[in-house]
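Below you'll find the structure, written out as structure tokens, and then a few comments.
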Amino acid sequence: MKIGVICGGLSSEREVSLRTGDAIFRALLKKGYNVVKIDMDRNIAETLKKENIDFAFIALHGKYGEDGAIQGLLEIMDIPYTGSGILASSLAIDKIMTKKILKAEGIPTPNYIAFSFDENPNFEAISSEILQTLKLPVVIKAPREGSTIGIEFVFSKQELPKAIKKVLEIDKQLLVEEFIEGVEVTASVLGNSNPVVLPLIEIVSKTRFYDYEAKYTPGLSEHIIPPRIAPELSQKAIEYARKTYKALGCRGFARVDFMIDVRKNEAYVLEVNTIPGMTATSLFPDAAKAQGISFEDLVEKILMLGLEGRQK
């Protein structure tokens, strides 16, 4: 079996994807697999045809990789692949759609308001609507970006127009959420129809917020296992993570990010990553390690889950 690790790509998360792809490629080589690394570009269909792979290990993040696009191409070409399918991928990458599903399923998520624009937006009108709907502080997000790209924290009325403008440079949609102060926790989920939640991780950023720099610079964030929260809150997060994974129809592996409000004794789902980072500073491999699963074994497990029910 020839495996192609598809990485790089055309999104703003290209650099992270190359690092993820490289780590996966080396792990599969160590395990003795016949493996090639494929840097995705506009000619990906021709490359896949030329390489004639039997299985694709998707290591792409963001646009065209995590949104159902590459999954659709692989389905057409009859190449089985790792992770979630077209629908789950396209739903999970869209934070607004994810929140609608979470609300419908009764899974706690921060209150929000969403906007969509085709023409010049009226920043004052948007600011006014946000202030009528939510209390400050708020978090403004580009709904289809990952790696904490396109996120602005707003603490005063005066900051709103500038923050809105900044996020709209990235996306034509806006997701505005209430800011929940608490403990940031992530749940790594592994499996298909019977998913398992690996040990929860508390994220402590050395910068003010867990942003792109804190996420990918060694030493700028700390991963604490188990999180320093009450056991019943950990249990809630595990239950909501599994429920979220199933509600979106995820497969293989995914990471569900939470904000834990200790005062309200609640775990709020923020978002779902259907292709979590697999770099040296990544959360998913850390959770697996805490469960006694080596990086190489984790990569092989994800590969096996991708093959389950998908062999040619």
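Here the Cβ of each residue, glycine as well, is placed from N, Cα and C on the backbone.
Here Swiss-Prot flags 99-304 as domain 'ATP-grasp'.
Long-range Cβ proximity for Glu159 (ATP binding site), meaning a same-chain Cβ under 8 A and a gap of 6 or more residues, is found for none. The ATP binding site annotation in Swiss-Prot covers 131-186.
Taken from Swiss-Prot, the feature Mg(2+) 1 binding site covers Asp257, Glu271, and the record attributes it to sequence analysis. According to DSSP, Glu271 (Mg(2+) 1 binding site) is assigned to a strand segment.
Annotated Mg(2+) 2 binding site per Swiss-Prot: Glu271, Asn273, in sequence order, evidence recorded as sequence analysis. With a 10 A radius on its CB, Asn273 (Mg(2+) 2 binding site) counts 22 other CB atoms from all the protein chains.
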Using all protein chains shown, find which of the binding-site residues Leu131, Val138, Ile180 scores highest when you count other CB atoms within 10 A of its CB.
Val138
If I restrict to non-local contacts, at least six residues apart, and a C-beta distance under 8 angstroms, what lies near Asp257 (Mg(2+) 1 binding site) in its own chain?
Glu184, Val185, Thr186, Ala187, Val269, Leu270, Glu271, Val272, Asn273
Count the other Cβ atoms sitting within 10 Å of the Cβ of Glu152 (ATP binding site), across every protein chain shown.
19
